[in-house]
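Features reported for this protein in TrEMBL:
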- B:Arg48, B:Arg54: NADP(+) binding site (BINDING)
- B:Arg125, B:Ser126, B:Ser127, B:Asn237, B:Ala238, B:Gly277, B:Lys292, B:Pro293, B:Thr294, B:Ser295, B:Ser296, B:Arg318: FMN binding site (BINDING)
4 protein chains.
Amino acid sequence: MAGNSIGQLFRVTTFGESHGVAIGGVIDGCPPGIELSEAHIQAQLDRRRPGQSRYTTARREADQIRILSGVFEGKTTGTPIGVLIENTDQRSRDYSDIQDTYRPGHADYTYDAKYGFRDYRGGGRSSARETAIRVAAGAIAMQVLAGLGVSVRGAMVQMGDINAEQFDWQQVNQNAFFFADSSKLDLLDESIRQLKKAGDSVGARIRVEAHGVPAGWGEPVFDRLDADLAHSLMSINAVKAVAIGDGFAVVEQRGSEHRDEMDASGFLSNHAGGVLGGISSGQPVIAEIALKPTSSITIPGRSIRRDGSECEVVTKGRHDPCVGIRAVPIAEAMLAITLLDHYLRHRGQNSVLTANGQVPTVE
Amino acid sequence: MAGNSIGQLFRVTTFGESHGVAIGGVIDGCPPGIELSEAHIQAQLDRRRPGQSRYTTARREADQIRILSGVFEGKTTGTPIGVLIENTDQRSRDYSDIQDTYRPGHADYTYDAKYGFRDYRGGGRSSARETAIRVAAGAIAMQVLAGLGVSVRGAMVQMGDINAEQFDWQQVNQNAFFFADSSKLDLLDESIRQLKKAGDSVGARIRVEAHGVPAGWGEPVFDRLDADLAHSLMSINAVKAVAIGDGFAVVEQRGSEHRDEMDASGFLSNHAGGVLGGISSGQPVIAEIALKPTSSITIPGRSIRRDGSECEVVTKGRHDPCVGIRAVPIAEAMLAITLLDHYLRHRGQNSVLTANGQVPTVE
Amino acid sequence: MAGNSIGQLFRVTTFGESHGVAIGGVIDGCPPGIELSEAHIQAQLDRRRPGQSRYTTARREADQIRILSGVFEGKTTGTPIGVLIENTDQRSRDYSDIQDTYRPGHADYTYDAKYGFRDYRGGGRSSARETAIRVAAGAIAMQVLAGLGVSVRGAMVQMGDINAEQFDWQQVNQNAFFFADSSKLDLLDESIRQLKKAGDSVGARIRVEAHGVPAGWGEPVFDRLDADLAHSLMSINAVKAVAIGDGFAVVEQRGSEHRDEMDASGFLSNHAGGVLGGISSGQPVIAEIALKPTSSITIPGRSIRRDGSECEVVTKGRHDPCVGIRAVPIAEAMLAITLLDHYLRHRGQNSVLTANGQVPTVE
Amino acid sequence: MAGNSIGQLFRVTTFGESHGVAIGGVIDGCPPGIELSEAHIQAQLDRRRPGQSRYTTARREADQIRILSGVFEGKTTGTPIGVLIENTDQRSRDYSDIQDTYRPGHADYTYDAKYGFRDYRGGGRSSARETAIRVAAGAIAMQVLAGLGVSVRGAMVQMGDINAEQFDWQQVNQNAFFFADSSKLDLLDESIRQLKKAGDSVGARIRVEAHGVPAGWGEPVFDRLDADLAHSLMSINAVKAVAIGDGFAVVEQRGSEHRDEMDASGFLSNHAGGVLGGISSGQPVIAEIALKPTSSITIPGRSIRRDGSECEVVTKGRHDPCVGIRAVPIAEAMLAITLLDHYLRHRGQNSVLTANGQVPTVE
């Protein structure tokens, strides 16, 4: 398939370029009868929206979501939900300086290699602007999951060398960094100031969790819940690594230490991150991702033009010193999308015949 | 879909349980006209086969591959390739001690939660035995990729706290650990001895690389090459993390450091691991995975029975102290499968209009 | 998957209800570099648009297509093409008489059974209004196919008991019925008048053809070209039968009569309709479909309400006595969509090794 | 995808050539806990098996099915079911006369055009032998459907110009033609004799029905139940047309006649064939297919060789004068496969939130 869709039964397709007419998408497979409004989606979008604090890009966009279909009298109908955000802030500018240049670290070179052609306005399709529709789809998924008792949350746990040493989930949505450790806010603030001054950027580590997922979601052996999470999280712009549970730390662990033992009250630890054999275990599902420092910086970089000649590139425009900040709601959205898809797949595929020959539902 | 297939145009489906009649699979979408023999596949399988050294399980299996279809007069025909390995070493034994018990760290509990039912013989479908068919499919993919000038290789780069400090690819296939640094072989040997004595296990880190991949493979925005690699690598048993290029190290990097600059001779570094915006850049594609220490150990662990009562579990049988060792050929296979799939998808979907406005057809 | 998409590599997803905010879709997988404009798509839409003649519904809609993405500087970029048609003619009316009633022959009853819920305004998602987006997607497919030398055309060949006895393709687009035999236009006109007077409707038979399709498109054994055509044509509202080549007439044929013999100049007949073993033969691809008489008529019909009580239903509103008339451009579109998808799949999956053993790459 | 799979949640993949080592398949997505044995599948296979009467090919094959996985202690486990039939009757013969010749009406020419290559032994992949695995998969589907109260049956209703004038379902499995009208058995017998004498063949029309399907199965708008049925039935070798309900007869019907009215007791007719708007209506699902006369006849036919030179072809070997006879169990199997897939999809995707916020199952 052409690559702009994710999920099997809960299926999200997005379209749109950074500086095109609009971005939008189709959310197909949402169960019917779920209460849904534009305001509900907008609330999630506003968390991701640029221009909200001095830490993110000054590009201001209303990012006003419109639901075009699939909702009737305030409830989903089971038919595809079309959503649209018009691009209101398409500053008309002169792209002649970058249209034949490959910005280092961007997809300019690879898109050109692939298509022989690219929309050079602000990254076109490769811009993170596309993720707004993921956040919208994630908001819909979260609404369905809430009815199942499943909640999703995320936080930044590292920016550059500043690590969260404590987790205070109450604080996460109170600060502009979505940072888990509010004692580090001054450090973060100072770091962003210095990066802006230097015209540079820094990476980030994000943690997402889902609570209330019952045991049994995930399809062996390829479409494991963790494998599909790896896919959906790695598909976020700038993500370079995905870890489930203890992640790379498992390399140095012993089996006697890693395996999560059980007693009658349940699991005694959660090194596995809530997934065993690709199937949810009933514990919290926990994942972390690494986001690279954005390549959109004002320090000149060596590159080439389409004709192969060398040049220096400085990325103008309005950019975030740490794109990881805004990635928190995006990562939550991808987690929610993947979980709901697996819930529907599990529900469709797995059942046990009861004694009287009926096929009942699993939970 | 039901989860036992991977890939879109090059599509691998596997079936079979650890102690069932046979394991097998269907490789659909292999281009026609490729030379292929059972011996070629067998050579890859033999690299993965247990019982080859004192470092891996003593379970001895011929793992003799049979090609059942799709090959005629020594060449692939374009029709699906059926492969089969009969399970010759199904020791008849008494499973009554484990059939109602959940081994800690295994999929016993989650399979039961999902299906209300499980094949308790040796892990059933959740056993790593299934990966033999992935290696077979990977061998076919490698054969096609070789004709395109693409090669795939892998090595263990860390076992527990023993790190490879140098890379000598010539050594990798000369040692039983597939380890990249031959100066550490004595340390590895000693470590395995101690683990066996202790009845414990340890994790591992594996690196895989593809060389010769041209720029342009990968489909934005969800089916990025790196996202699909994350999916395919995370779908390997015991994998808990996947990194592309610098992986989690990007968190502490600056944008000015991370972005791979170019000059007329090409890229000047490869922090990205050969993928930009989800599309191959023409540089080597590089990924690393973390494998957890196997839970099949002889140190007793606390667990519960199906009825919820508490118990202690000791995993009998023949097991590897480090399952990461045998994961090297499996990870290579998954890399090859994903790359070939993306080559075919790219070839199908992306073309450049020639000067005269025609869409060039392949033959 | 959730059912609102068709095609594998050329993938069309639609959304929108008859009386909702808008209808739209995403066309993913269109090759890059193809010239495309809104005017090109609009021309096809105008052929399908209601209110063009006295033979079709008086509902007048601009059906103005907007391309939201995927086209840059007049050419496709290879990224998804978002399209949108705002519903400008959503007459605000009182639906209270039908919201609890199942119109006979419509999807009201089955949607309610499926979703427990329905958008009762004008058929909602089950309205043929959705097919406008298919026509838009088909126009894009035709544009790509044209570059490959493939053309698509369709005609009505029967309405009620009025049969086309001669084929004059020049006439088809000259008459409001898309009828192949212009000598029958008076009969058709008279028939429609009588149906309108009687408040009744009649069925139709449509023929579509593709010329210039080379031999080799189609994937055995399930995704045969003819099987995928059967799927795409049967997915058009009101279609109850699909025939390839001689269709049901083959039942009475002898093998010696049916098999299309060849000599050095090529095939000597085309009973097969251009498909052998599910793969195109290089002859014209020919299919026919049967469309039922619409159930939207003013003759009262017996039905039930949601509560099971009996009632009589008269379908008010603006309706066509023969929905088959407007189905011609829709059937052409579905043929084009399926053909382009199979071209891309064939190109992706099937190649012939060159003499030197290399797999030829596209660009 | 590569084309050798069908279904989304209940997914059947087949492999194997007519004269290769074996044919087989993978049935993925079968719900767990269903009683299943080789004997159950064998019973369906035996209905299709050649060599059972003088009306079908004399090729005798045990067609002995083996279940390789997915069944444990007599019940399905939810993991993929691998099935295999070894080709025991691979007569070693000389194919030199046909290996460079295209048999008229066969897929020889198109396979060669597609792959540049073909397995010329007995049709290879394009042989109807592949359908044995469909029958096996269908037997599994029927077993699950039986637990849901759904049954499937089929009959031949026309062979050449001999029509069934009455339906006696009790008789169908009592005669070697699966013919619905036992008063025509002598005519059929005589017709087959004459065809054999003439070395010719004849077409057939098959009817399949499903009873007990509740209202609500089928996904609008592309994956309608009828559209997916059209796909699965048209994918059977030699099928040239598919009709749902009244099929092509709807062309001459009036809306007032065609629409199936309802009263409090339910539907008053079934012109629609049990599908409205692509969703099952709760009435019997009814479809008919047309099978062409086989091209494997002994009357010489004009054709060409691979080098383009002209030749005459006589198909030697053991062939049926009417391949439609054996198509009855195949068509039943495809109907069952498609129905079960849609049941699982419906169950996965569609639900209504109850007052207390729980998502219950529909059906």
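Each residue, glycine too, has its Cβ placed from N, Cα and C.
Taking the binding-site residues B:Arg48, B:Lys292 in turn, the residue surrounded by the fewest other Cβ atoms inside 10 Å of its Cβ turns out to be B:Arg48. DSSP assigns B:Lys292 (FMN binding site) to coil in the three-state reduction, outside any helix or strand.
Residue density at B:Ala238 (FMN binding site): 21 other Cβ atoms are found within 10 A of its Cβ, drawing on all protein chains shown. The DSSP secondary structure for B:Arg125 (FMN binding site) is helix. Non-local neighbourhood of B:Thr294 (FMN binding site): B:Gly105, B:Ser201, B:Ala238, B:His319, B:Asp320, B:Pro321, B:Cys322, B:Val323, each in the same chain, at least six residues away, with C-beta under 8 Å from its C-beta. Sequence-distant neighbours of B:Ser127 (FMN binding site) (same chain, 6+ apart, CB under 8 A from its CB) are B:Glu17, B:Ser18, B:Asn237. Proximity to chain A, defined as a C-beta distance under 8 Å, is registered for the following binding-site residues out of B:Arg48, B:Arg125, B:Ser127, B:Lys292, B:Thr294: B:Arg125, B:Lys292, B:Thr294. In this structure, of the binding-site residues B:Arg125, B:Ser296, the smallest number of CB atoms within 10 A of the CB marks B:Ser296.
Chain D comes close to B:Arg125, taken from the binding-site residues B:Arg48, B:Arg125, B:Ser127, B:Ala238, B:Lys292, B:Thr294 by a C-beta to C-beta distance under 8 angstroms.
When secondary structure is read from DSSP and collapsed to three states, B:Arg48 (NADP(+) binding site) falls in the helix class.
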